[in-house]
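Record features (TrEMBL):
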type	residues	note
BINDING	A145, G146, P147, G148, T149, G150, K151, T152	ATP binding site
COMPBIAS	82-97	compositional bias 'Low complexity'
DOMAIN	124-393	domain 'UvrD-like helicase ATP-binding'
DOMAIN	394-510	domain 'UvrD-like helicase C-terminal'
REGION	77-131	region 'Disordered'
Amino acid sequence: SKAVAGQVTSLVSRLGPELAILADVPVPAIAEVASTELVEAISRLRRGEVIRQAGFDGEYGVIRLFEPRELAGDGGTLFDLAPSAPAQPSAPVQPSADGPGPSLDEALAAHGEPAGGGDPSVLDGLDPDQRRAAAHPAGPLLVLAGPGTGKTRALVHAIAHRVAERDVPAEQCLAVTFTRRAAGELTERLDTMLGERARRVLATTFHGLGLTIVREQHERLARGAQVQVADDAVRAELLDAALHGEGDARARRRVSAGIAELKRLRALGQAQRDHDLVGVLARYDAELRERDMVDLDDLIVLPLTLLRATPDLVEHYRARWRHVWVDEYQDTDELQYRLLGLLCPPAGNLCVIGDPDQAIYRFRGADVGFFLRFEQDYPGARTVALTRGYRSTRTIVRAALDVIAPATLVPGRTLTAVRGAEGDGPVLLRRYRSEAEEAIAVVDTIDAALGGTSFHALDSGVDGSAEAGLSFGDIAVLYRTARQADPIMEALAKRGFPFQRRSHLPLADA
C-alpha cells in the first residue's frame, strides 16, 4: 500500500539501503525509528527463524515471520500506520430494471466467500467450484479435477468442513491417496485446520489401508499382529526358495508376474486350479507365513478376500469409516475398486476425485472405466467439475486442451487459466534430426533466455535478450522417458550450466 511504501521510504532515508537494513544495520539503531514489531521481525530474519509453508495446487506458498495470532492485536501490520478514515455511508442500491439480482448468499457464494452471518469458515478462500465440492454435505460425489485446479486443496477443506463444521467424528473419516507422500501432506494440511483431530483421520494409500485391515484381522488371516511387508529383496529370496533355485532372472520375473495374476484371479473368485503356478504360489505363500510377512499384492488381496467371505466385517468397517474420499480415482485397479465397493455402499458418503484424461497407469492394471461408471455404481451421485487452473499459463492450458481434444474422455471439458496474460508467447513445436541436435537446441534456448552469458553464447553470437529476472532455478526441461535425459544432461554439462536430475521414487516406495 501507499502507506507502507511511505514507511519504507522513510526507513531507507534514515538507515540506508533495504538490504543493509535487513542484514547489517544494528538492531538498536533500527529500534530508534521503527515499530517494535518490525524490529522483532528483522531480528527473527537474521536468526533464521522463518516460517515456510509450501504451496500447492490452487494456493501459493507462504513465507512469514509471525504466526497470524501474534499480529492479530496490531491490525496485522509491522508498520505504524495511521488509522483509516471511517467509511462514508453509501447510497442505497436501486433495484435493476431487469428484475431482482442475486441474493447476498448467492453473490457471496459466487466469489467463494462465506454466506450468511459472516462467521469464519474452513471454506473461506475457496473458488466457487472448490467450494461446491468441499461443501457437499453427504452422499456420493464425483469431482472432475483437471490439472492444477486445486483438487488437493478442495479435498483437505472438504474433510475439515465435515469434521469442524458438520460435527463428523474425525475417526469416521478415511482419505485414500495414490502415494504415501500425498497422504503425509494431506495430514499436515489437516493439522493446520483441525489440530489434534487431524491425526484421527486415516489418510493412507490403498496398500496402507490394506495393511491396517490385515493387522487388525491378523488372527483370521493366520498372521502376527505386527506382520511386515516383504521388500523386493526379500521377495526375490522367497521366490528363489519356492522355485528351488531354478530359472534365470528373466524367468523369475515372469513367474513373479504370474503369481501376482493368480492372486488377483483368486481374489476375484476366478481362480484356476490347473494354473501352472499353483504349486509355486503355495510354496511362496508358505515362505511368507513362516516369516510372518505379506507382499504388496497381499495388502489388497487378503482384505478383499476376507471381506467378501465375512459380511459382518464389511458392516464393521462401513460403520467405522462412514465418510470416504479417494484421490486419483482414475488410476484405480479392479481389486482396489472391488475393495472400495465393499467399504462404501451405493448410498454411502463416498467422494472420488480425479481426471480420466490423466489416467496413465493402465500398464499396472488401472482401469479408467471405473471412473467413468461411478454414476452407475452410485446412483444419485452429484458431479462437480473444477474448471480454474492455477498451475499453468493461458497459453499452455489452451495448447493442452487443443492437443487432448480429439481423445478426451470428458466431453465439452473446460479449463480456464488464472495465470498469464493474453499476450503470452505461443507454444513452439520444433523438429530435430537427432537427439544430440535437440539437446544443443534446448541448451541454446536456455542460454538465450538467461541473456546469452555463457562463453559459447558470446563466441557464437547467441541473442542475449534475457527475460527479466530469470535464473537457472526458474527453468525446467521435461522429457518423456529417462533415456532422453542423457543427451540433454551432457549438453548442459558441456555448457557449464548447473542442473539437477529429478526422478520418481521406486513405485514400491511411493
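Just so you know, the numbers here start at 1 and follow the chain as drawn.
Here the Cβ of each residue, glycine as well, is placed from N, Cα and C on the backbone.
TrEMBL labels come from automatic prediction, so no person has curated them.
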Collapsed DSSP category at K151 (ATP binding site): helix
Cβ atoms near T149 (ATP binding site) (within 10 Å, other residues, all chains): 28
Protein Cβ atoms within 10 Å of G146 (ATP binding site), excluding its own: 23
Local confidence of the domain 'UvrD-like helicase ATP-binding' (124-393) - pLDDT mean: 93
Sparsest-packed of the listed binding-site residues (A145, G150, K151, T152) - C-beta count within 10 angstroms: T152
For A145 (ATP binding site), the three-state class that DSSP assigns: strand
Binding-site residues listed as P147, G148, least Cβ neighbours within 10 Å: P147
